[in-house]
Ligand code: KIV
């Protein structure tokens with residue numbers, strides 16, 4: 001199902017930007033897919049935007065699988081990527097294989113995503129790739145490390161930028177087919193994008209990436225807060241509130257039905 005991972009590298013070579021958005025349920029997945037996005041990420045940000053948690057940490061693998069199943073029912077064209085949640089892979093390659101294996105067996109997702117680089121994640125990505133599991137890497141701001149790293153922009157200091165560049169190279173060499181670059185300096189994102197043979201997809205990483213991803217509730221104006229790099233394309237918060245208020249008023253006034 002969906003665009004083949006090999007097609008993504010071709011898209012990079014052709015210079016056609018990749019479009020990725022997040023989804024966590026069937027109706028939104030259907031809408032995004034019909035609107036023609038290339039990749040749909042069942043991001044662990046659903047912990048915050050759909051389940052009301054303060055960070056991404058509490059969401060479980062069972063919950064990610066449950067939401068990914070719903071998303072996949074709504075998707076005909078896009079490649080669905082499922083985030084491996086916090087502590088479902090950090091123990092090592094065997095735990096990662098079990099978790100990613102469950103995602104591919106129990107859902108129609110075509111790939112998994114995991115956060116981080118040196119040294120443990122490189123080995124994990126290698127083992128997953130060798131087992132035929134397509135992997136998206138994720139470097140820069142990695143929200144599962146919020147208690148260590150916060151959400152501050154990464155890569156400003158030379159040594160930090162060099163580490164992120166080398167992590168991205170190592171992830172690509174280990175078999176990742178795409179890498180998310182989150183909230184890093186634009187120069188660093190450009191350098192990584194030029195260096196890697198695989199596509200980079202940026203979020204708060206500037207215009208030089210091979211594609212862009214945002215959290216759908218930010219794009220649609222459904223979040224109570226958006227990061228500064230997000231762009232709000234619609235105000236569904238207001239549209240929905242107005243519709244609910246109008247319905248309520250009509251019921252109370254006995255105008256509906
Ligand atoms: O969980 C998520 O939504 C993500 C994106 C921010 C890339 O990982």
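Keep in mind that glycine also has a Cβ here, set from the backbone N, Cα and C atoms.
In the three-state DSSP classification, residue 115 (Mg(2+) binding site) falls within coil. Under 8 Å, Cβ to Cβ, and six or more positions away along its own chain, residue 115 (Mg(2+) binding site) finds 121, 138, 139, 142, 143, 144, 145. The Mg(2+) binding site annotation in TrEMBL covers 44, 83, 115.
TrEMBL lists 44, 45, 83, 113 with the feature 3-methyl-2-oxobutanoate binding site. Within 10 Å of the C-beta of residue 113 (3-methyl-2-oxobutanoate binding site) there are 23 other C-beta atoms, taking all protein chains into account.
According to TrEMBL, the active site, proton acceptor annotation covers 182. Long-range C-beta contacts of residue 182 (active site, proton acceptor), restricted to its own chain and to partners at least six residues apart, with a cutoff below 8 Å, comprise 138, 139, 140, 141, 142, 143, 154, 202, 203, 204, 205.
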Number of Cβ atoms other than its own within 10 Å, given for residue 83 (Mg(2+) binding site): 31
Residue 113 (3-methyl-2-oxobutanoate binding site) versus residue 44 (Mg(2+) binding site) - Cα distance in angstrom: 10
Spatial neighbours, same chain, of residue 45 (3-methyl-2-oxobutanoate binding site) - Cβ under 8 Å, 6+ residues apart: 22, 56, 143, 215
